[in-house]
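Asker: Please read through the structure below; I'll follow up with questions.
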Amino acid sequence: MAYSDKVIDHYTNPRNVGTLDKSSHKVGTGLVGAPECGDVMRLQIEVDDNNVITDAKFKTFGCGSAIASSSLATEWLKGKSIDDAMAIDNMDIVEELALPPVKIHCSVLAEDAIKAAINDYRVKNGLAPIETEKSHH
Amino acid sequence: MDFPIYLDNNATTPLDPRVLEAMLPYFNSKFGNAASRNHAFGWAAEEGVDYAREQVAKLIGANEKEIIFTSGATESDNLAIKGVFEMYKDKGNHVITTITEHKAVLDTCKHIEKLGARVTYLGVKEDGLVDLAELEAAMTPETILVSIMYGNNEIGVIQPIKEISAIAHKHGALFMTDATQAVGKIPVDVNADGIDLLAMTAHKMYGPKGVGALYVRRKGPRVKVTAQMDGGGHERGMRSGTLNVPGIVGFGKACELCYNEMESEAARLSAMRDRLQRELTVLEESYVNGNVEHRLPHVANISFKYVEGEGLMMAMKDLAVSSGSACTSASLEPSYVLKSLGLSDDLAHSSIRFGLGRFTTDEEIDHAIAVTKHSVTHLRELSPLWEMFKEGIDLDSIEWAEH
């Protein structure tokens with residue numbers, strides 16, 4: 001199975017690897033996946049007073065496509081409003097990285113991680129979590 | 001050094017140039033059909049096959065009349081299991097095997113189950129070895145066949161073949177072994193080991209693909225299998241089909257080379273393998289899978305915890321290895337062999353199989369060690385699980401969302 005150039009690029013030079021202070025009320029953390037399934041993503045966002053994402057970091061245990069999906073997600077999140085971030089669809093990631101069908105679950109996981117991070121941020125700040133349609137694993 | 005470095009010799013081996021040289025005339029001037037008894041073309045081909053049959057037989061301590069050429073180990077496994085089941089059905093319908101066998105054995109057993117066989121799939125101990133007491137307890141008067149592999153393809157563990165065959169024979173059953181990974185690498189002797197049927201293939205021992213053999217014992221007892229391929233009655237009626245003469249000649253040459261070089265080669269390979277293993281298990285949280293004493297000389301299967309196997313292989317693009325990770329299989333399930341050792345799924349996902357071979361050099365092993373260490377360390381920096389482990393968080397205490 002050959003990887004697309006974009007997957008290789010993100011895998012080789014992952015953007016925004018790291019850890020934000022998860023105790024800060026400005027930071028939302030999403031931890032999705034499971035070790036026994038072979039992929040776990042942790043995605044964190046830092047949000048300013050205008051509901052704009054100023055920083056995003058990730059760490060991922062998984063295959064190359066999972067690492068690339070989360071790296072791309074952090075790139076897209078920076079500078080977006082929460083509302084725009086909420087609208088990121090896994091199929092956007094599939095398209096951008098040219099993921100083959102067996103790797104679509106990596107993009108779903110990245111979308112889940114984004115939504116989980118946003119909801120963690122909302123709950124921390126006294127807002128109700130946004131109901132998301134149960135993703136299609 | 002050429003890249004990528006080939007360390008997947010349990011999947012297949014490169015053709016030895018000496019084997020290719022032996023094969024070439026049989027693609028050109030000696031193109032005859034070995035079954036053509038009435039002219040020189042046929043005789044030349046037959047002579048090549050006869051010689052190869054002796055070379056193959058010698059490697060496993062058999063008589064050349066006991067060698068049935070096939071298309072490879074998968075066909076040999078099919079012929080042995082289905083053939084014994086059909087031939088001995090008046091005697092019984094019970095077959096015993098293990099859950100760590102190759103799919104060629106497991107799926108053949110599933111097939112005969114549909115035809116009325118009862119199959120016992122024995123588990124293995126944590127080190128991958130069969131529990132002999134469990135085998136003994138599973139034997140019944142209906143047991144016609146015990147089929148247990150010689151050396152495992154994923155972890156390389158060598159089963160106690162002599163003890164297993166003795167148990168099978170004590171209870172009146174035949175003993176068959178899939179010796180695909182063992183033959184040519186370690187001494188295998190059908191008489192000393194008490195083997196009645198043995199499956200082997202050329203391409204795991206520096207021979208060509210598409211040719212293999214089934215050893216079928218002729219004396220004490222005389223074993224018979226029902227043919228699974230009907231036609232011209234080749235191979236003593238057990239496997240019809242025009243013989244793959246160049247392939248068989250190459251197989252024979254490959255066996256001869258293994259016979260002559262096995263002792264020095266096994267010592268060279270195990271020294272390199274042990275060095276690789278020693279260096280890589282210096283890394284924190286890395287574990288060798290399977291028994292390390294009873295093991296083929298050229299294999300090491302190592303799990304690097306908190307790193308996923310496919311991702312790791314992508315980082316180690318200079319190395320051609322394989323992984324028990326689900327992501328590398330069509331089924332999206334991690335290796336059933338590793339799981340049967342009681343390994344948790346996450347460790348199975350984190351495994352890499354290093355398979356050394358005749359053309360592996362010390363220099364390549366040095367590079368493999370450096371690349372693997374670097375890649376594991378790099379991916380752990382990216383791994384949230386590694387960070388949590390380092391913070392002392394018990395990963396089992398987290399409620400993971402299954403997906």
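Cβ coordinates are placed from backbone N, Cα and C, and glycine is handled just like the others.
Unlike curated records, TrEMBL annotations are generated automatically.
Not my notes, these are from TrEMBL:
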DOMAIN    B:5-366  domain 'Aminotransferase class V'
BINDING   B:ALA73, B:THR74, B:ASN153, B:GLN181, B:THR201, B:ALA202, B:HIS203, B:THR242  pyridoxal 5'-phosphate binding site
MOD_RES   B:LYS204  N6-(pyridoxal phosphate)lysine
COILED    B:259-286  coiled coil
BINDING   B:CYS327  [2Fe-2S] cluster binding site
ACT_SITE  B:CYS327  active site, cysteine persulfide intermediate
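Burial and contacts for the listed features, if you can.
Answerer: In the three-state DSSP reading, B:THR201 (pyridoxal 5'-phosphate binding site) counts as strand.
Over all protein chains present, the Cβ of B:LYS204 (N6-(pyridoxal phosphate)lysine) has 27 other Cβ atoms lying within 10 Å.
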Asker: Looking only at DSSP and grouping its letters into three states, which state does B:ALA73 (pyridoxal 5'-phosphate binding site) belong to?
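Answerer: SS state of B:ALA73 (pyridoxal 5'-phosphate binding site) = helix.
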Asker: Provide the number of Cβ atoms within 10 Å of the Cβ of B:HIS203 (pyridoxal 5'-phosphate binding site), excluding the reference atom itself.
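Answerer: Taking all protein chains shown, B:HIS203 (pyridoxal 5'-phosphate binding site) has 23 Cβ neighbours within 10 Å.
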Asker: In the structure shown, with every protein chain counted, which of the binding-site residues B:THR74, B:GLN181, B:THR242 has the densest set of Cβ atoms within 10 angstroms of its Cβ?
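Answerer: That would be B:GLN181, with the most Cβ atoms nearby.
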Asker: Greatest CA-CA distance (Å) over the residues B:ALA73, B:THR74, B:ASN153, B:GLN181, B:THR201, B:ALA202, B:HIS203, B:THR242 that the record ties to pyridoxal 5'-phosphate?
Answerer: 30
Asker: Write down the Cα-Cα distance for B:LYS204 (N6-(pyridoxal phosphate)lysine) and B:THR74 (pyridoxal 5'-phosphate binding site), rounded and given in Å.
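Answerer: B:THR74 (pyridoxal 5'-phosphate binding site) and B:LYS204 (N6-(pyridoxal phosphate)lysine) have their Cα atoms 13 Å apart.
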Asker: Ranked by the number of other Cβ atoms within 10 Å of their own Cβ, which of the binding-site residues B:ALA73, B:ALA202 ranks first?
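Answerer: Neighbour-count leader: B:ALA202.
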Asker: Please identify, from the binding-site residues B:ASN153, B:THR201, the residue with the sparsest Cβ neighbourhood, meaning fewest other Cβ atoms within 10 angstroms.
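Answerer: It is B:ASN153 that, of the binding-site residues B:ASN153, B:THR201, has the fewest other Cβ atoms within 10 Å.
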